[in-house]
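J.: Got a structure for you, questions after.
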């Protein structure tokens, strides 16, 4: 992400000849074109490794989130307002794996953008939009979990399908409008005309964002993050108190089984814990990138290119992490995967399969 800083010595030739990570030689992205960007290709070994690592991340994001969406949408037992939020979150991560990561793989490994100027801007819009869409979804999911844990008996009447739909609509609309309007209006480049001119070359896809918009980007990340941290802190305090109450009651009464309220509370606490881990994974993935964007915006591109690329791909890999988290913590998801992969979902009445242990 490019930013404006008067004290930083921007030189057009040095920008066009800057290399990506450590490379073996210097070439042009388009040998027969004037104003072609310079590329510094990797040797075959590192290239193969990078393609494998980045390609695996993209494939995992696509296939893993597709399994999440298929599981929840197919099996009626999983149809709930909370799970509809999870499906929508998986859709955003799926689109990152489908429309962003494959093209970023080529750009990161080859050091050039070969997909045209139009898709460069569209690719960046997808990147920005789906990132913020995930943030907003996770924020709403944390609020949903708070309601479920704090008052599990009245939760179904408070967080309905209609409320879930409004949260989903808000997340997609706001993130899409922000991402596309920011880049297609050129507001991000205001005051950076000289820098944009210096960065422009055939085979490049650099995003120039001025300090004001970098700060706005960070706020759009920070505010939902603070909400999530606050809400999950309250959730775990409530969960701890509930666990102590249940233990105290168990000692006072010899019950053969837990009450309905206790079972519901236990289930909601487990769901909150799992989704809390998903939120923590998201923050650990994206926070370094956003901090780095602030540093670069106000200190003038002090981050080495290879460090920036690493931070970007750590953030991208978050789109592949949620399905792994669900698979590790949710027995119903593992069972759903087996039914989908084995083709048993094609059988009649498979949508009514019981995925929860008795």
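The chain as shown is numbered from 1 upward.
Including glycine, each Cβ sits where the backbone N, Cα and C put it.
If you look up Swiss-Prot, you'll see 37-201, 120-205 marked as disulfide bond. The N-linked glycosylation site annotation in Swiss-Prot covers 5, 34, 210. Residues or ranges marked as topological domain 'Extracellular' in Swiss-Prot: 1-47, 105-121, 188-212, 296-309. As annotated by Swiss-Prot, topological domain 'Cytoplasmic' applies to 69-83, 144-166, 234-274, 334-358. Annotation source Swiss-Prot lists transmembrane segment at 48-68, 84-104, 122-143, 167-187, 213-233, 275-295, 310-333.
Are these features on the surface or tucked inside, and what are their neighbours?
T.: Following the DSSP three-state reduction, the secondary structure of residue 37 (disulfide bond) is coil.
A sphere of 10 angstroms centred on the C-beta of residue 205 (disulfide bond) encloses 20 other C-beta atoms.
With a cut-off of 8 Å between CB atoms and residues at least 6 apart in sequence, the same chain places 202 near residue 34 (N-linked glycosylation site), listed in sequence order.
Under the DSSP three-state reduction, residue 210 (N-linked glycosylation site) is assigned to coil, being neither helix nor strand.
In the predicted structure, the topological domain 'Cytoplasmic' (69-83) carries a mean pLDDT of 93.
Using a Cβ-Cβ cut-off under 8 Å and counting only residues 6 or more beyond its ends in the same chain, the topological domain 'Extracellular' (105-121) has close neighbours at 19-20, 23, 29, 37, 39-42, 47, 50-51, 54-55, 58, 183-184, 203-205, 309, 312-313.
Across the range of the topological domain 'Extracellular' (296-309), the DSSP-based residue counts are 9 helix, 0 strand, 5 coil.
Secondary structure of the topological domain 'Cytoplasmic' (334-358) per DSSP (helix as H, G, I; strand as E, B; remaining residues coil): 14 helix, 0 strand, 11 coil.
With a threshold of 8 Å between CB atoms, the same-chain residues lying at least 6 positions outside the transmembrane segment (48-68) that come near it are 42, 86-87, 90-91, 93-94, 96-98, 101-102, 104-105, 108-109, 313, 316-317, 319-320, 322-324, 326, 333, 336-337, 340.
Residues of the same chain lying 6 or more positions beyond the ends of the transmembrane segment (84-104) and with a Cβ under 8 Å from any Cβ of it are 54-55, 57-62, 65-66, 68-69, 72-73, 115, 119, 123, 126-127, 130-131, 133-134, 137-138, 140-141, 144, 161, 164-165, 167-168, 171-172, 312-313, 316, 318-320, 322-323.
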J.: Six or more residues out from either end of the topological domain 'Cytoplasmic' (334-358), which same-chain residues have a Cβ under 8 Å from its Cβ atoms?
T.: 67, 70-71, 74-78, 327
J.: Look at the disulfide-bonded residues 120, 201 and tell me which residue has the greatest number of other C-beta atoms within 10 angstroms of its C-beta.
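T.: Buried the deepest by this measure is 201.
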J.: Within 10 Å of the Cβ of residue 210 (N-linked glycosylation site), how many other Cβ atoms can be counted across all chains shown?
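T.: Result for residue 210 (N-linked glycosylation site): 20 other Cβ atoms within 10 Å.
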J.: Sorry to bug you, but what's the C-alpha spacing from residue 37 (disulfide bond) to residue 205 (disulfide bond), rounded to the closest Å?
T.: 10
J.: Can you tell me how the residues of the topological domain 'Cytoplasmic' (69-83) break down into helix, strand and coil by DSSP?
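T.: Across the topological domain 'Cytoplasmic' (69-83), DSSP assigns the residues as follows: 12 helix, 0 strand, 3 coil.
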J.: Using C-alpha atoms only, work out the spacing between residue 210 (N-linked glycosylation site) and residue 201 (disulfide bond) and round it to an integer in Å.
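T.: Cα-Cα distance, residue 210 (N-linked glycosylation site) to residue 201 (disulfide bond): 20 Å.
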